[in-house]
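Copied over from TrEMBL:
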| type | residues | note |
| --- | --- | --- |
| REGION | 1-52 | region 'Disordered' |
| REGION | 93-133 | region 'Disordered' |
| TRANSMEM | 277-298 | transmembrane segment |
| TRANSMEM | 353-377 | transmembrane segment |
| TRANSMEM | 397-418 | transmembrane segment |
| TRANSMEM | 451-471 | transmembrane segment |
| TRANSMEM | 477-496 | transmembrane segment |
| TRANSMEM | 508-531 | transmembrane segment |
| TRANSMEM | 537-557 | transmembrane segment |
Amino acid sequence: MGSTPQQEVALAALPGPSPPPPAGSGSGSAETGQEMRQAHSSPAHDRSSSRLRGLSPMAMEREKPVIFLIRPSTLTSVSGEGWHGGLVSDRCHRPKPLGNSEPASGALPMGEEGAEYGGLPDSADTGAGASPSPSIRKLSIIPLIFLIFYEVSGGPFGIEDTVGAAGPLLAIAGFLLLPVIWSVPEALITAELGTMFPENGGFVVWVASALGPYWGFQQGWVKWLSGVIDNALYPVLFLDYLKSAVPALGGGAPRALAVVGLTALLTLLNYRGLTVVGWVAICLGVFSLIPFLVMGLVSIPKLRPARWLAVDLHDVDWNLYLNTLFWNLNYWDSISTLSGEVENPSKTLPKALFYAVILVVVAYLYPLLAGTGALPLEDKAQWTDGYFADVARLLGGAWLMWWVQAASALSNMGMFVAEMSSDSYQLLGMAERGMLPAFFARRSRRHGTPLVGILFSASGVLLLSAMSFQEIVAAENFLYCFGMILEFLAFVLLRVRRPDAPRPYRVPLGTAGCVAMLLPPTALIVVVLALSTLKVALVSLGAVAIGLVLQPALRFVEKKRWLRFSVNPDLPDIDVTRQQPAAPNEPFVA
């Protein structure tokens, strides 16, 4: 009986003497076997085998031999128990028949000459069971700038507490200095690593490549959790701005129903695709910033520069001051989880980050200078969340106040859709790396969006929406700090271990300069953590502890095959610490 093409491939891949042609096979079969043996010993095979090591984070430490299955130009490895009568385990992708007119293209390891990221596999060639998706439209630079703007800022709403906590001088100084200390370094790191690894795993892949899959998962867990906690703010803040007009939204069942309805509506926008989200962000951004432009113009005749210098160092709430500054100027790296959806990310992402930094800083300082310079500081306690609406009324009248309130409400919608996009695509990217079950990698057939990730993130928002504003800000800052420590460490380690790896954008500093650049933001992280309350610290540390045991639990689930885990073979190797590929005839032990 003649063998199938898959059986010939398996025989040709085994190390040792070349197997004889199967009985009854013609010359075509013999030639095919010879071609497979040549492919097995070729340099392309070396690169492919090197690529696959590190692509399966949950299975890296399995002490089981593997056999190689070779298809025309890609090598796929599976554990020995995954081959049963020609069947391939869920952890791999089935080899295409040799007669397939579309040979798969093997990706090269990150850092190899000519390495590049491939597109997502189609449904016929994916072990993740991803639904066939339409041609996915990529983000261009303008929508990307506004998505970053809403990931980080969304406008000056929420910065009033800096004046209430420390007075005008420290508030203005904070929004001048902290962008240099924190925002610029974080944006530079995002530009370098986001273009080095242009995929939806974002910062998860950065940490996994430098510290291994376990810490990559921890990075994904704390960053996703902090993002969902952050997103729980926005439906609440939206209703807070409307309750003056609709008092019933102040509490009880009407408020709870409004939170659910608003969350469902904004979740639907994310389901429709990033192109829709991007243009919604542009429209909301323009509408939200114009009233502050008007407010600044109206304030010019009343400006008194001496008012900007008011400060009382003996009456400063440093915890509230630093947490408010930090919350309003972080999350620059969140856009990295959308890198796989960006058009020409090597050029688009750095430019978008540059323009977004300018937009965010100006959007904070302009209304802050107008409000504190045009109005006397009679009682700084009045400067709390939402006070810019009162400033607009005092400077321009009721019509400007209503405009600012409407802008604030819509800005919260923009921040919600931007944050949910980042959170849901992060889960998709983690699933494509095998860190989460394969169903997280499914995309909508119609819109190409990560449906499971969107629903999962929306559920987290609803569960956390009952927290108070101050608790949410403090808890998310605490978790975010943990993630940034891992991110800084990964950035430096990648510079040390792979200095010559392709980086379409490179921070114009040497390794020592990069370390020096990271010292001030690291000191800020220490201060923010030290100023946290005991309650926030305990809750946040409990959340971190969950992540420490969740990754081994998922690994156990994978070993038991209770859930399906899969790796996208078109993604390059992220284990950049490995220097030498295995020998052509040496099977890789995962």
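Count begins at 1; order follows the chain as displayed.
Backbone N, Cα and C define each Cβ position, glycine as well.
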Worksheet item: Where else in the chain does the transmembrane segment (477-496) make close Cβ contacts, counting only residues six or more beyond its ends and a cut-off under 8 Å?
Response: 186, 189, 192-193, 196, 203, 206-207, 209-211, 215, 218-219, 222-223, 225-226, 229, 323, 326-327, 330-331, 333, 511, 514-515, 518, 521-522, 525, 528-529, 532, 536-537, 540, 543-544, 576
Worksheet item: Excluding the flanking five residues on each side, which residues at least 6 beyond the ends of the transmembrane segment (397-418) place their CB within less than 8 Å of a CB in that stretch?
Response: 146-147, 150-151, 154-155, 157, 231, 233-235, 237-238, 241-242, 244, 266, 269-270, 277, 280-281, 284-285, 287-292, 294-295, 298, 386, 388-390
Discussion item. Within the same chain, where does the transmembrane segment (508-531) have neighbours whose Cβ lies under 8 angstroms from its own Cβ atoms, ignoring anything closer than 6 residues to its ends? I mean 6 or more beyond.
Written reply: 178, 181-182, 185-186, 188, 318-319, 322-323, 326, 477-478, 481, 484-485, 488, 491-492, 495-496, 499, 537
